[in-house]
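To keep things clear, I will list the structure first and then write my remarks on it.
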4 protein chains.
Amino acid sequence: MGNVKKVVLAYSGGLDTSVILKWLQDNYQCEVVTFTADLGQGEELEPARKKALQLGIKPKNIFIDDLREEFVRDFVFPMFRANAIYEGEYLLGTSIARPLIAKRLVEIARKTGADTISHGATGKGNDQVRFELGAYALMPNIKVIAPWREWDLLSREKLLAYAEKNGIPIEMKHKKGGSPYSMDANLLHISYEGRHLEDPSAEAEESMWRWTVPPEKAPNKPECLDLEFKQGDLVAINGKKMKAHELLAALNQIGGKHGVGRLDLVENRYVGMKSRGCYETPGGTILLKAHRGIESICLDREVAHLKDDLMPRYASLIYSGYWWSPERKTLQVLIDHTQQCVNGWVRIKLYKGSVSVVSRDSKTDSLFDSTIATFEDDAGAFDQKDAGGFIKLNALRMRIAENARIKRAAKDKGASKKR
Amino acid sequence: MGNVKKVVLAYSGGLDTSVILKWLQDNYQCEVVTFTADLGQGEELEPARKKALQLGIKPKNIFIDDLREEFVRDFVFPMFRANAIYEGEYLLGTSIARPLIAKRLVEIARKTGADTISHGATGKGNDQVRFELGAYALMPNIKVIAPWREWDLLSREKLLAYAEKNGIPIEMKHKKGGSPYSMDANLLHISYEGRHLEDPSAEAEESMWRWTVPPEKAPNKPECLDLEFKQGDLVAINGKKMKAHELLAALNQIGGKHGVGRLDLVENRYVGMKSRGCYETPGGTILLKAHRGIESICLDREVAHLKDDLMPRYASLIYSGYWWSPERKTLQVLIDHTQQCVNGWVRIKLYKGSVSVVSRDSKTDSLFDSTIATFEDDAGAFDQKDAGGFIKLNALRMRIAENARIKRAAKDKGASKKR
Amino acid sequence: MGNVKKVVLAYSGGLDTSVILKWLQDNYQCEVVTFTADLGQGEELEPARKKALQLGIKPKNIFIDDLREEFVRDFVFPMFRANAIYEGEYLLGTSIARPLIAKRLVEIARKTGADTISHGATGKGNDQVRFELGAYALMPNIKVIAPWREWDLLSREKLLAYAEKNGIPIEMKHKKGGSPYSMDANLLHISYEGRHLEDPSAEAEESMWRWTVPPEKAPNKPECLDLEFKQGDLVAINGKKMKAHELLAALNQIGGKHGVGRLDLVENRYVGMKSRGCYETPGGTILLKAHRGIESICLDREVAHLKDDLMPRYASLIYSGYWWSPERKTLQVLIDHTQQCVNGWVRIKLYKGSVSVVSRDSKTDSLFDSTIATFEDDAGAFDQKDAGGFIKLNALRMRIAENARIKRAAKDKGASKKR
Amino acid sequence: MGNVKKVVLAYSGGLDTSVILKWLQDNYQCEVVTFTADLGQGEELEPARKKALQLGIKPKNIFIDDLREEFVRDFVFPMFRANAIYEGEYLLGTSIARPLIAKRLVEIARKTGADTISHGATGKGNDQVRFELGAYALMPNIKVIAPWREWDLLSREKLLAYAEKNGIPIEMKHKKGGSPYSMDANLLHISYEGRHLEDPSAEAEESMWRWTVPPEKAPNKPECLDLEFKQGDLVAINGKKMKAHELLAALNQIGGKHGVGRLDLVENRYVGMKSRGCYETPGGTILLKAHRGIESICLDREVAHLKDDLMPRYASLIYSGYWWSPERKTLQVLIDHTQQCVNGWVRIKLYKGSVSVVSRDSKTDSLFDSTIATFEDDAGAFDQKDAGGFIKLNALRMRIAENARIKRAAKDKGASKKR
């Protein structure tokens, strides 16, 4: 094992990272610093502190941070400005949290003089890439320990045995069962992978979903929300201004109640294989729809199309862990520039799993001009005759080509007749 | 007025195109050929024949064609292979029908020796562009008469007056009211524009929608469908093979029953203004979701991403009337090539307005490899250590950059100290 | 003819725009303001003033502006930050000057209270589009008179007749011959179109070229230049700092001497036809090469590739007259952001028509790390073993696909044997 | 060391791969098969056979193949159909040869029952990726030994010592010096890396270049070539039809004579660092220019622009070793489709390092229409008035936006006055 002085561990307080904590101490004989983040995953964090203390971590080496506001304001919202969707469906709920954790790991490493970071992501997934690319970009000489790529505790049984042998408290849920899925949650979403889901032809069990009611059990009456945007970011719901993370939490609560935001898909991991995942993103699903709605009246057509053309690339960068890369930042500059004029409100209707935009307006930035668009008499605002020339010139290259073809065909025919 | 010999008119049998018919006869003193297509819009076509005869069209000059199969097989399905969506939302229901009408207009012009075509699309919309670009591409020297760009009958009142003066039968619905919207329907969708909708901040009336029940009135039990795909095209529903247009009609019927496929949006017209439209695309909404589902296990990641990157461009081409352009055909060659391996089935769940994929598989082309993807012990199918090198090299350029920055900052600091 | 109060005419002082001046006075009975710009085309501007006076323009209505600095600093250099090339070859010399003229026409219209602008570009070319799109974008209700699209003076003979009839001074070169080509010149280039060149299979005459010596007559000794860049812009030649337009003028002079920058091509006009043009862009040819050279050590790979991917779109926007569009400005924001770190020098070698980069460096922003790149022993700076994992994971999706294919082929074979 | 039965080694006969041969025998105790390809690198191959025999390879295990025709016809020419250039400059001479070698390695592995391949590419370069991605794609379970990533012979001294100790014949050039550069040659190019070049601010020595004369020593008279293309591929030079590889060899000879095709650049390797390389690609440089020339009259504008937009992606795929990937093949289908109409001839002028197109034509596929393009009277072929409408509608969205801005500014001003 390499020479490691002090390691900052991304520590959830759960079984896996507790085993890693112990394993790092034993195998690297190094000081361990734990970092536990509140990203809105909806779990108590103080138990993580207690457990870390039990495992011998010094109080000054335990970091527990509430990152909810930063997460939504500086990561989730900028991403939604781009209408980012990976592979047509996935709202990047896990992907967007990792760069913030990477940033904080590095900050704590700097503060504590650590030379190494460690995390509990497997060697088969995207998260290792997201953690490590972020860390390397921000602190190029940091060392990384990814225990799942190194150790031999590759099955749950071995992990539990190691835990018991080392006196690591195992919660009931692990002994008795608990969720069989590999899950990840933060303010943007909760995800499920593994077990039963590893067969993409098998349907997910209803009992798996945690954040949303089944659409069948959602209220029988639709609910409408007025969402207000400023420079592309949500700033108020039904007239009530809140902080970024409060807004998202509120959308999650309302969306979850209406069964909004479930997704079951097969995605392509950056490390090369396909994987099946299920996601609940109630607030994000609403936000994306609404953001497109406000953009639809505020953005110039060609700017909107440019954004659409670049979106899959931007989404792939985030999915693959390149948040801190110069190319993602470069694209963000473009995207943010386009959002200056994205101001106004959108009315959203939620009902039994579906979200729809029913109206929208912008007092300051609407490009909708009803005097031009109308089918009624427009008093000369638009000269319909212009369209003739517009079409004629747009058709010209095709007409030239077809005429050339016809001329040649005629000539060939003439030539073949003469023979 | 230019010199016109014989004109083929895209004739619906409705008031507008009947007035145009008469107006063409009067203003151009030319022979008129009428062409009425069944694209699955759900209207009787024989009345159009009767009306044309009444207006003095010779029987041999009346063309009424059932184009439903060709429409879905050669236009709708190829477009869905690309997962085409315009501006993030619109499924291109009107756009995709126009090129077929253009093609048929030109064919009839050739057959009847006509030198001109005419249509009832306004000078402010996209349809004029779609008709005319198509016609020019296929028959470069065809002449086009677009009465809305020429005449002065610019309000409904003037139109009705002209009709009455010329003995054109006006149906009750026009006199008494009928739908106030400008509508277009075919097997893929029905659209609404105009009137009430011209204010994007006003909600659409429930009474406007015609194809779908309101989600609130949809069945209380979800319904699942098994959709089978071959080379990217739908070929069977619940095991029942049908022709392309029958499949789409069936999806429309089921989707409509479940309140699926409503859309209310502001879009950017090719002629330069924003416009608000409402659409019902029940079958298409299901089809798109299912097609993405089957692609998710059959397509290589990078091929799928290439398609996603090109999709907005392809969709814009269709929206803007470039179906018959060489660039659309070139993109189609690429898209069709990717669909050879898109074979398998998808299970779709419909419920009160929402569509979701719940499972999918491909016996012949699945790229999903559960031995690789599993979170369980994979018996060495995937060497997790490879991920370390993968990440390291992907991070290298960012590490070099940050190290260079640090080195220079240190040097600058050293230099400034010396001073 | 429409109602026009006062018109600002882009006036070169040449025959065509002098005829237009008179024609405007006669046909629109309006006051004419002339605007003549020095963009470095290398012609005296005072004769234009004299001619305008002769044609009855009031002194206060004659604007003659030296726009050379603004042209190169705010138009040419920003464009070169993008390495813009249209259709693989054309450096956009004419295209980039038009938006500045449009801007100035509008400014003068505002200042003089004019309601209309006019220009001498034909109805078949790109320049009309560039002038007018610019003007409309900056002053949406401006009126435009494009005489070539309106009048009947469509041949040179008619034009000369009109001039003589109206006492417009015709210079000797027009009477006796002069250049038979349609030419345009500014600090970035000189272009030739028309006549002899209208047959793309005919070679251009040597006598046509004006700015560059034939490579055969260029000096027999190569010349090297050290070009220094700051934030992507050229700031000094051989250590001598100059203003933007002085730098470009100097490069033109040196490049021309060495026969650098001739181009003969067939391009696709925005209005729909192909056209053959010849161009001399000595300074621009050097600048592009050098700019790519400095970027090669300063830009991150993925940022550079992003720029390369967007470049053709950016170049097309400029070619087609969309400089003042929101989408061009949006792209510019991205491009300019990337140039912050483009600082350093490039050594260029010129010889008989060719330009090559022979060395380059950046003290402040080089990302070239010789300790990593070296083929010699690098003392562990790069762990070659990482490459194995990098390749393995990048190959994974292809290996899974091929393995799946093999497995199925084997199964099919097995199945067919059993039958 | 892993379990290896039989290994196919890409064997040049040079020192490095001879040492690898011996090292494989010693360290893996496996049977070695050697494969030496003639790709037009201009070296005798029989010495490689002799050396292999000396090192104990069985005659049946020695493969020496002339791949020149296949190389140019199936790899180089398809790539040139795309006008592929990496990072604005590099013609991909090394990149395009690797996939063919990978293919042949795998074919020989299949034929000889080998389970492993090996090559002499370093762990820092692109070639290892190109070899291995190709091999994995074509034979997913092949094993790869890349000695440079495994062994400790990391300096030239150690390598020479190992050779002498093991009786491997060392040629004079290695003892006495020879070229100090790391070189690679095939019919498309010769490349130089390493040593002196590792400082990008140092100029390359004139003595380094091998294929081209210095432009200064090239003939004092230009030479013209008529190149004929069929479906995008070169088929004849000056009327003389030849096979693909003969044509490229002929272009190399002529181009080299005129000093054409030298390139000195810093490029971004796929493995993450920048590297400086020098290249001579005389024939390729001519071919690219000529291919763009013939495309300029045969390709539709939008098809050409689509190709230009996709080109950097296609070039990056080849550079990074993805020739055998499904995405490269998918792009190739598109590119090849566009080349059906690329037929005709181009006249090229070569002079002291520069290449230029002077004329071009296509009897069968020209889209150049002089009656439309002419500046002279076109007898009504093009109605200039159409341009007015074309511009008006293209400007519409910008005018609406600016008018909206003005209206709001006026209102705000009004509002602020009232206060």
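Cβ from N, Cα, C; glycine included.
Curation does not apply to TrEMBL; its annotations are automatic.
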Can you match one of B:Ala37, B:Ala97, B:Ala109, B:Ala137 to the ATP site that TrEMBL gives for B:Ala10, B:Tyr11, B:Ser12, B:Gly13, B:Gly14, B:Leu15, B:Asp16, B:Thr17, B:Ser18, B:Gly120? B:Ala37
Candidate from B:Glu107, B:Glu171, B:Glu203, B:Glu267 that TrEMBL assigns to the same L-citrulline site as B:Tyr90, B:Ser95, B:Asn126, B:Arg130, B:Ser182, B:Ser191, B:Tyr279: B:Glu267
Cα of B:Tyr279 (L-citrulline binding site) to Cα of B:Asp127 (L-aspartate binding site), in Å and rounded, measures 16
Determine, for the L-aspartate site, the additional residues of the same chain whose CB lies within 8 Å of the mean position of the CB atoms of B:Thr122, B:Asn126, B:Asp127; present them in sequence order. B:Ala121, B:Lys124, B:Gly125, B:Gln128, B:Val129, B:Arg130, B:Arg269, B:Val271
For the domain 'Arginosuccinate synthase-like N-terminal' (B:6-169), the mean pLDDT of the predicted model: 95
Which of the binding-site residues B:Thr122, B:Ser182, B:Ser191, B:Glu267, B:Tyr279 have a Cβ lying under 8 Å from any Cβ of chain A? B:Thr122, B:Ser182, B:Glu267
What kind of secondary structure is B:Ser182 (L-citrulline binding site) part of, going by DSSP in three states? strand
In whole Å, how far is B:Thr122 (L-aspartate binding site) from B:Asp16 (ATP binding site) when you measure between their Cα atoms? 11
Taking the Cβ of B:Asp16 (ATP binding site) as centre, how many other Cβ atoms lie within 10 Å? 20
Could you round the CA separation between B:Ser12 (ATP binding site) and B:Ser95 (L-citrulline binding site) to a whole angstrom and send it over? 17
To see if you understand the setup: which same-chain residues, six or more apart in sequence, place their Cβ under 8 Å from that of B:Asp127 (L-aspartate binding site)? B:Thr94, B:Arg98, B:His119, B:Ala121, B:Asp184
Let me know the DSSP-derived helix, strand or coil state of B:Arg130 (L-citrulline binding site), please. helix
Taking the Cβ of B:Gly120 (ATP binding site) as reference, which residues of that chain separated by at least 6 in sequence fall under 8 Å from it? B:Ala10, B:Ser12, B:Asp16, B:Thr17, B:Ile20, B:Pro147, B:Trp148
Radius 10 Å, atoms counted are CB only; among the binding-site residues B:Ser95, B:Ser182, B:Ser191, which position scores highest? B:Ser95
Compare the C-alpha of B:Ser18 (ATP binding site) with the C-alpha of each of the binding-site residues B:Tyr90, B:Arg130, B:Ser182, and give the closest one. B:Ser182
